[in-house]
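Feature list (source: TrEMBL):
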type: TRANSMEM; residues: B:12-30; note: transmembrane segment
type: TRANSMEM; residues: B:42-64; note: transmembrane segment
type: TRANSMEM; residues: B:120-143; note: transmembrane segment
type: TRANSMEM; residues: B:150-169; note: transmembrane segment
type: TRANSMEM; residues: B:199-218; note: transmembrane segment
type: TRANSMEM; residues: B:239-266; note: transmembrane segment
type: TRANSMEM; residues: B:286-310; note: transmembrane segment
type: TRANSMEM; residues: B:322-346; note: transmembrane segment
Amino acid sequence: MPNATDFLLAVEDLTVSFDGFKAVDNLSFYVDENELRVIIGPNGAGKTTVLDLICGRTRATAGSIRFRGRELTALREYEIVRAGVGRKFQNPSIYEDLTVFENLEISFPRGRSVFGALAFKRDAEVIERVEAVAESIFLADQLNRRAELLSHGQKQWLEIGMLLIQQPDLLMLDEPVAGMSVAERVKTAELLHRICADRAVLVIEHDMKFVEDIAHKVTVLHQGKRLSEGPMHAVKTDPKVIEVYLGH
Amino acid sequence: MARILNMDRTQLLGFVLLAALVFLVLPLALDAFRLNMVGKYLTYAFVAVGLVLCWGYGGILSLGQGVFFGLGGYCMAMFLKLEASTPEATAIQSTPGIPDFMDWNQVTALPWFWEPFHNLAFTLFAVIAVPVAFAFIIGVAMFKRRVGGVYFAIITQAVAAILSILIIGQQGYTGGVNGITDLRTLLGWDIRTDSARTILYFVNGGLLFVCLFIAAWIKSTKFGRILVAMRGREDRVRFSGYDVSAFKIFVFCVAAGMAAVGGAMFTLQVGFMSPTFVGIVPSIEMVIFCAVGGRLSILGAVYGTLLVNWGKTTFSETFPELWLFAMGAVFIGVVLAFPNGLAGLWTDHVAPRLPRRLGGRPRPEAAQPAPAE
């Protein structure tokens, strides 16, 4: 049994029960520093719930989630974010009424208290960071556009950018390529490879081609339990996984 | 000033025009009686400006702003009432030296919570502190529990109803349904004369502009952008490392503080305060002022307040029984036909046709969408 503090993220015996239905059932898994882990599984396997539990949106019934040795289950959402965990939602969740620049600026990790936000200055450091992130998410020429005018794929990138500017140590993405064109998928895969050079990334994805492209390791969930785990080629040939998820 | 507020030319021009209207045109055009009436309307504008921040930007619809307007007004009225209730002036009462309504209700000593209102400095502090503290308590109780949207609106509505019932019920301490009336002097200065009322009108206008500048400043900071972000995507803001409830509590308290200043100025200019300004109906009216002016426009809120109240006065003098229906129709019309109110009409239809140097600007790339509420 490895020591939980050796990992960036250690999820142990995690259970959440909604009126007796166990959406996540006694689940344990570990994520290393700079690892890109993909969680796959059939609908209702509890994938999104796992992310909700880690980021504090849903409270665990039992079990522990340790991030760099720090217990997350007792923290509030914004404390978890400040500890270094970023979360992207399944549907692009951006501020439609604000410009791309303002969207990124809000996520810049400074002035997060009420009075900090009132005193916040848009200085050279902020502008530089926003422009650098916009460049990496392919939106450098869209900074002054209202976010609602972006295409679906661009909105997905913008939300990823909003997380990057926070510089989280763990980035969690829920179906980042859903609704994207083939060309956009390729660019997103490239973006994810670049991102995880200096942080760990936890991705939920259905697109098997995309998963093969990016994953270091894959965890397969089924009915809230871990069905299989390992490199993609091993998981793909696991008879249990073929049975419940990939199909024959 | 304009630099601090990050104002562009158009916004600055808007402030100048409104200042000209409030400080020059209206005082020159109206007699003392009508000017005092406009002064009264402008006290509601404080509430409407607070609602622009809280509702328009933050998406927090409060249907109980009358509570804060009333608390501010009552604090001011308590001071003025005590000053008017000297032992000499109330010699015919069975207990001289206490407010007349207390005497009528067999109260024989001044209640403890009235005592500090002998002091003007304390009163001015209380005018803001009491309503803000009350808003803070409501805010903590609601927003920390993630109560929002319609539920929050209903609860504020209930608070307004409860407070007005409480004031009416505790007649001996509050003056009951009549309110606190017959206010005369402020530190010996008779506030009922035309000249005093004119001076108070200008003080009121000055304070309103202080609130407008504060609102414009808040709007221009990152706090203002976070309010807009929260309105649409509360979860995204929360998961970007912000304590959303703290932001909501703060903006709700700011709106309450502004409403309270308006209430105190109402008492000074009109000479009384009563529960009719605390309950459900006035609280909803105040939301209508804001909606008509345009809930996303700080200056629009002032125009909306003036226009609706002017309409109310003219209309209710001629067709008293139809006024409430007209008011309801105006609200429904505004929400359906032009959800961003007068300000929305201006920016979408009038401003694009104006020459650039007069503050005209090209149509925005997309019209401001109405956030669903």
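Here the Cβ of each residue, glycine as well, is placed from N, Cα and C on the backbone.
Pairs of Cβ atoms less than 8 Å apart link the transmembrane segment (B:150-169) most often to B:120-143, out of B:120-143, B:199-218, B:239-266, B:322-346.
Packing against the transmembrane segment (B:120-143) from elsewhere in the chain are residues 67-68, 71-72, 75-76, 78-79, 152, 155-156, 159, 186-187, 244-245, 248-249, 252-253, 255-257, 259-261, 263-264: each is 6 or more residues past its ends and has a CB under 8 Å from a CB in it. Using a Cβ-Cβ cut-off under 8 Å and counting only residues 6 or more beyond its ends in the same chain, the transmembrane segment (B:322-346) has close neighbours at 285, 288, 290-297, 299-300, 303-304, 307-308, 311-312, 315-316, 368, 370.
Only residues 6 or more beyond the boundaries of the transmembrane segment (B:12-30), in the same chain, are considered here, and those with a CB under 8 A from a CB of the stretch are 2, 38, 42, 198, 201-202, 205, 208-209, 212, 216, 299, 302-303, 358-359.
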